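**Student:** Mind looking over this structure? Questions follow.
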Amino acid sequence: MPTADAEPGIGTEPLAPVSENQPQGERAVSVLWSFGKCLGALLPVYLAGYYGLSVSIVLFGLVIYMGWKHGRQEKVMRLKSAMYLLENEREFTTQTVFRAKRDLPPWVNFPDVEKVEWVNKILQQAWPFIGQYLEKLLVEIIAPAIRTSSIHLQTLSFTKVNIGDKALKVAGVKAHTENDKRQVMLDLYLSYAGDVEINVEIKKYFCKAGVKGVQLHGMLRVILEPLIGNIPLVGAVTMFFIRRPKLDINWTGLTNLLDIPGLNAMSDTMIMDAIASHLVLPNRLTIPLVADLHVAQLRSPLPRGVVRIHLLEAEDLTAKDTVIKGLIDGKSDPYAVLRVGTQIFTSHHVDSNLNPQWREMYEVIVHEVPGQELEVEVFDKDPDQDDFLGRVKIDLDIVKKARVVDDWFDLRDVTSGSVHLRLEWLSLLSSADRLSEVIAKNQNLTSKVAEPPSAAILAVYLDQAYQLPMRKGNKDPSPMVQISVQDKTKESKTCYGTTSPVWEDAFTFFIKDPHKQNIDIQVKDDDRALSLGSLKIPLARLVGMPELTMDQWFQLENSGSASRIFIKIVLRVGISHTQILKHLFCAQTLMGSFDDASPTTPSPRPTDPGSTSSQGGTTSNQNPSGPGGLTKPQPTRPQHTTPDPEFGTEGVLRIHLMEAQNLIAKDNFMGGMMKGKSDPYVKIRVGGITFRSHTIKENLNPVWNELYEVILTQLPGQEIQFELFDKDIDQDDFLGRKHELLVSYFKCLPETLSLSCLCPSFLQILQYQSLQSFQNKVVPSAALVFVYVERAHGLPLKKNGKEPKVGAEIILKNVSYKTKVSERSTSPRWDEGFHFLTSDPRSEILTVKLSHSWGQALGSLTLPLKEVLAETDLVLDRWLNLDGALPESQILLMVILKVLQTGCLFSLCCSSFSWSNAILTGQVKLTIALVARSKDGADPYVSFILLPDKKATTKRKTATKKKDLSPEFNERFDFDLSVEESSQRRLDLSVKNSVSFISRERELIGKLQLDLDQIDLKTGVTQW
């Protein structure tokens, strides 16, 4: 059994019994010491009463003391518990009560971690001599260096240095031999719970401080590299902690104040930050064993890769903001903290939501795999102290091997909750061949994070400088370097009192576009005020260098004539594994080295449904060979879609709501004795969709000027309905209704523009629409996009190995549609069509996302519509590769772009009319234009009537233009009227489609009324 001193439950040391043989002098001192402690405890109370201080001050001091005492006792218990566990490790691991996996040492948890008791025996035997060395180091080297660093520390001395009897223990060792053959990599699981005692005294200020007991647990990685053929066989030893170690210090003397609640956490954090700045990745301690080594490159080697972290969402989080002391569950205001080594990111918080969606992206540099982990902690945002909602840790080695990890992770240390992450590994290339592709790809990625994704990383190795200028008074400078890339600035250490400093520092930056960014280097004195030189290097120079590397001396500007700086600059392009595979597959396909199973031409899928899946819905694996081993001919996959003949025949009904006149006044006063106004608004119902205009206050002749668009199929019996209402507080009053059949508009079918006629007409449409302005802020559509999703092929399996139930979501701007969810298959088929309106196809992007039952992502497609504009007849119909899936994953779809042409644009030339002629201009009352999608043209003509007369002398019509949707009439019509008479007339223009003589009706395309009193009849007008 352990002694009482070793038991973890003991918090204070027992008082030593007074011996009968104890000298009288020592007994007297003991009594006086006890009396002095009692007096010291009562002194604050006496002083508070003497000076008339408030009792609250005494109580506050008592609370501080109790908190310090409690924290002190906890530290002592933790230290003794750790000592007990290390001394009785075997007994501890065999007891059934302690068999939780998280409590076992590494050699029990991980079979590839070896137990090295022989190392611990050597350390225990050598520990006193290690203590002697540390004592000499502190007393003879470190203490003099501290005394010379500051005038206030000239009387500092180490009065006691004792590292105790408890030696450092190596709980396990893991050797990595699968990576680089020119190095030896070891992971040492260290545990130290020692009775070390170090006391420091500054006699000038009568200050004593010290440490009595330290606890340290962590994994230290030791790298022996490079291996050489001479003694000592190893060029250098590099060591670092991959993750922050756990540290607990028991203070003595004046530093006891650091155990006060609030200060203890702050002091521990500051100490850990100091340790992390030297020994936690990306910082390393490198000890060279031979000369002529690039220590900076050993201390900061090139990263292994970059991980792009997409923090998507969380669900089923714990409710921390309760109501009525927990009787009613409330919500939480969750946010996430992400850590990879010293790289820390904090998301925004979502108010009152247990299923938050963040949709944020971060990028981290990975220095060591295996080893580094991504830690995600979720907290509830509170005004005082944030509540813990769970954590999850993910080994980044898994991401490196899988390349893409998109999954839900359960939060630990809480009862419920999970977080959805998408992790993507980016490999680093030493060639700029794919740089433009990566930059273009990043432009299509969207995120709440303001900064776009990086296309490359930049490593700057700051070696040394030569003959820097002197300071004023001919004094040696203390140079340091500031390196800036865009808005990120990093500083080197300071080399004191030299004109030829050696820094051997390294820095890394994320680069978005090397063609547009520069490296700005400023060499300054340690006060940051005096500049010793500067240098600016465009990264575009680096793109053209071999291996994207520059390793040379640079002449400093604004410095001495011989002032130079030696820097090595390395650029690496970050590219996803999917992009690499697609590039390789495309190259090999062009060389003819791939068969039908290549990613660009996936293996044929049988067209017979019976041969595709079994009863359980799994893919059949029947032997494709027939009798005698002869290969049966496999059916080829269709290379184009086969949509229904009705696909892409919809049209667009454009409704321009202008104004109303002479409405009924519904808001009466004094029981109807005084007429008031109305607050009219309009409801428009068409094709199962209802539009509502804004309300115009107190107006019987309202002007709305609003535009609405709806996609319609050419079905008989459809109608449009207009209803006017007066907005009231209680119930809206009815003001009128109007119905109109749409069958007369379905004959206006503009034909699809071909590529040859796209450019001028399309730009003309965009220019015309940019001049239009409507009260409801609607931008008129320029084109219709039809998307036909037929099938997919080669999709990945679910994580449990089963085939997925796949659904496709098609998104354009803020409009999205979802297909049905297919049966279980890696080659699903949907055969569904969708349509969208687009205002400018040149800048909009179509996105297709595939997922298992709208959960696990199976791949996505990003298609800029400008690629469809480059296709023949504006039709894209083929297999397309999916991102975030398998290399062979593809989707077959058709995208048709049809440019809209409206039949309601009139070009009327009036410059040839004399001042006495009627001028064709005015105000649109109500215009309804149908833009249908058919290849049949129209036979338009224009008819004129001068209202209010409807006589033969006031009617005119133009000639008919056959099969022409952009007719030019160039005809002149004269009306013999005076100026006074013409100002009282309205010109009614109708654009109609000429039909067969058997039919008595003329199919109306568009109608326009012009008030002639609104324009200058003398000068005339030419306009649309």
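From the backbone N, Cα and C atoms, a Cβ is placed for every residue, glycine too.
Just so you know, TrEMBL annotations never went through curation; they're auto-generated.
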**Student:** If I go by TrEMBL, the feature transmembrane segment sits on one of 49-68, 449-468. Which?
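**Tutor:** Checking TrEMBL against the ranges 49-68, 449-468, the transmembrane segment one is 49-68.
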**Student:** Using a Cβ-Cβ cut-off of under 8 Å, list the residues of the same chain that are 6+ residues beyond the ends of the transmembrane segment (222-242) and lie near it.
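**Tutor:** Tertiary neighbours of the transmembrane segment (222-242) are 180, 182-188, 275-276, 279-281, 283-290, 293, 295, 298-299, 341, 368, 371-373.
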**Student:** Going by DSSP assignments with H, G and I as helix and E and B as strand, what are the residue counts for the domain 'C2' (289-409)?
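**Tutor:** The domain 'C2' (289-409) comes out at 12 helix, 62 strand, 47 coil.
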**Student:** I'd like the per-state residue tally for the domain 'C2' (766-880) from DSSP, helix first, then strand, then coil.
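**Tutor:** Counting residues by DSSP class gives 13 helix, 57 strand, 45 coil.
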**Student:** Count up the helix, strand and coil residues in the domain 'C2' (434-558) according to DSSP, in that order.
**Tutor:** 17 helix, 58 strand, 50 coil
